[in-house]
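Reviewing the structure listed below.
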Amino acid sequence: MAQTIAALSTAPGGAIGIVRISGDAAESCLRALFTPVGSRDLQPRVLTYGVLTVHGRVIDRPMAVFFPAPATYTGEPMAEIHCHGSSAVLQAVLSALFDLGARQAEPGEFTRRAFLNGKLDLFAAEAVGDLVTAHSEQAAALAVSQLGGHMSTEFADMRQRLIAVCAQFLAVIDYPDEEIEDLPLTEIGQTLSDMRARLNALHESYSRGRALREGLPCAIIGRPNAGKSTLLNALLGYDRAIVTDIAGTTRDTVEETLCLGGLVLRLQDTAGLRETDDPVEKIGVSRARDAVRHAAESGVVLAVFDGSKPVGGEDRMVMREAKNAARAVAILNKADLLRAEGWEELSDCFRAVVPLSAKHREGLSELTDTLLTLTGVRDLPSDGGLITNIRQAETLKRTAERLELAAEHLKAGFSPDAVVYDIEGAIESLGELTGQSVQNDIVDHIFANFCVGK
Ligand code: GDP
């Protein structure tokens, strides 16, 4: 018996609010509150217009639908009521459903039930969460392709192949007539090392996947008056960039977010970098350095230079700050007034130098192009073969390590049980990826990060 759950699945404040119900009593709960208008009764999977009555009072004229199991999102009977978006109406509907025995759904509980009922594997369930929170078209496209199951099928297939390899070794262990030399050892070794290479490549794709999903921290640095604010405004205006406030999952601060051609940059406001004796400005400069350090480690540094003036000491300081960044772009601003003195040295410190005029909005598309190439967001695999979360990345790494051990032990002539032990470890961790063998607390953790109603 699946206890019936209900939740508001749309964000508050919209014109329409959808209440979702899942569980054995979904249809009866709906029928207790909703009466179709006209002669037709509610039909499965047909959105129907009617009246919603709570305690004898008509509180809305919504559309409603029910879906018989098992062909539903959760695999259980489900229903939806598409009300008008009034929070009073939606609260009344939910209260009435709770009076009928349903309970408030927990975060991610609909998707969790879909997972438990075999509708989605864990990898695809995580893609659902990514899709709901995607901040760029590319991130959404990646989540959709992962939801399509291509990767899930690949992992399930790898797992099956490993199980088959294990079975071959177990035959040697269980039947003394069989000799290990009789096994196609070269072929098996090749299979293990091909798989390991694929898993390592996927593990390495995590930094790109993360950039796409969460965005990259980005610091715009440069000496005062280099044109940082003008550049920021130009970027915001240029690409019809979305500026949103994303409360970070691991950060307490709220950041401004800029979306450039699919690349999400989490901008950190920085004060101009320069030596100063002013105590207040010193704090600003020190914060700017922290922001640069963070962006330098895992994000993008945009170093802005004033090309209308010769290179100065403060510019060299900015070059030094940006030098250790994994991805730093030098922006030679005020290209409309460019003076040639000394700017060639930028190419020694930066992988990319983009001349532009922030004020006249010239050269911005070249900057976007450079950033997309630098971060690898331009060439996304179409099969969703990009890892977007740390759990998946760590699991892939663990699996690859176990396969590496298996291959080494095989090559070194270890006994079959030693090889089987390593391969079984790899099978286990591949199962964690798709949810075939995963501990409950990990599942709890994954779904706790979902929103209520999904
Ligand atoms: P910040 O202190 O680095 O944020 O610099 P601002 O963005 O405030 O710009 C300083 C000055 O440079 C302003 O007067 C801007 O209008 C001017 N400026 C910025 N970008 C350009 C540019 O591309 N060309 C020209 N000619 N002036 C610019």
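Glycine is no exception: its Cβ is also placed from the backbone N, Cα and C atoms.
For the (6S)-5-formyl-5,6,7,8-tetrahydrofolate site that TrEMBL gives as Glu80, Lys119, Lys454, the extra residue drawn from Arg20, Arg378, Arg391 is Arg20. Here the candidates are the binding-site residues Asn225, Ser229, Lys334, and by Cα distance the one nearest Glu80 ((6S)-5-formyl-5,6,7,8-tetrahydrofolate binding site) turns out to be Ser229.
This prediction places the mean pLDDT of the domain 'MnmE helical' (122-451) at 82. Annotated pair Arg20 ((6S)-5-formyl-5,6,7,8-tetrahydrofolate binding site) and Ser229 (Mg(2+) binding site), C-alpha to C-alpha distance, rounded: 45 Å.
In this structure, the binding-site residues Arg20, Lys119, Lys228, Lys334, Lys454 were compared by how many other Cβ atoms lie within 10 Å of their Cβ, and the smallest count belongs to Lys119. Less than 6 Å separates the Cβ from ligand 1 in the case of Lys334, drawn from the binding-site residues Glu80, Lys119, Lys334 in sequence order.
Across the residues the record lists as binding (6S)-5-formyl-5,6,7,8-tetrahydrofolate (Arg20, Glu80, Lys119, Lys454), the two Cα atoms farthest apart are 19 Å from each other. For the domain 'GTP-binding protein TrmE N-terminal' (4-119), residue counts in helix, strand and coil come to 29 helix, 40 strand, 47 coil, using DSSP.
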